[in-house]
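These features come from TrEMBL:
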| type | residues | note |
| --- | --- | --- |
| BINDING | 40, 65, 138, 139, 165 | S-adenosyl-L-methionine binding site |
């Protein structure tokens with residue numbers, strides 16, 4: 001929300017989900033994080049849009065651990081909606097998101113506009129329209145997840161893009177392996193995008209872990225975040241045919257340079273080294289399974 005308010009990228013919907021923070025963090029942390037978010041949003045969006053164009057939107061997206069993400073609304077604005085867009089998170093998070101959607105017309109109107117057929121299904125822990133579904137489920141139990149998604153008309157024969165941003169790291173390696181295995185075995189044509197930590201065994205990574213532990217935040221799956229190779233290996237061992245991983249510094253170097261120049265002028269950053277270290281400790285991984293050579 002802070003990065004959007006400063007102008008790193010445009011997101012007219014985040015204001016309806018997240019209140020503006022009152023306090024400001026130290027500039028180097030703020031700017032480092034804002035640029036990291038900028039690279040994350042653009043890197044993930046690039047892959048999502050490539051998938052939508054390749055399938056001509058004749059596909060579905062399953063956003064795992066979606067939280068207060070606004071991607072559905074932004075894709076609708078760009079006329080890039082897939083056949084159906086699913087979001088999954090804990091029932092408590094989903095209830096909060098449904099409350100926001102129901103009480104804010106700029107959020108509910110696009111769902112109604114894209115809906116066709118019978119009346120919208122909505123209760124305290126799920127929302128289902130013809131193009132958008134919000135499902136309360138625990139990702140650690142894939143049979144329960146599959147059952148709930150199918151109840152909301154998940155089509156396993158459609159090309160499917162699954163997105164997980166800072167989600168798998170909160171599960172044990174076995175739990176995330178089960179989820180990846182379920183996704184790879186359920187959809188014949190699929191792509192998985194994972195954004196999370198990497199290089200976590202060095203000193204900087206250890207400090208990140210300690211800082212999170214002090215805030216009672218346990219990274220149960222951090223051992224898989226040893227390296228780019230360990231990230232790719234996890235995907236390949238759990239049924240995916242191809243896997244790629246690059247750190248965020250690399251992603252940053254691929255972004256349109258004119259825009260990078262613009263955002264670098266938004267806030268003064270003294271600690272360039274700290275920023276680079278932060279970027280080297282996050283990565284984007286993507287994997288695919290492609291029975292029809294898409």
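Placement of Cβ uses the backbone N, Cα and C atoms for every residue, glycine included.
The Cβ neighbour count for residue 65 (S-adenosyl-L-methionine binding site), using a 10 Å radius over every protein chain in view, is 19. Here the binding-site residues are 138, 165, and the one with the most other Cβ atoms within 10 Å of its Cβ is 165. Other Cβ atoms within 10 Å of the Cβ of residue 139 (S-adenosyl-L-methionine binding site), summed over all protein chains shown, number 22.
Pairwise Cα distances among 40, 65, 138, 139, 165, which the record gives as the binders of S-adenosyl-L-methionine, peak at 24 Å.
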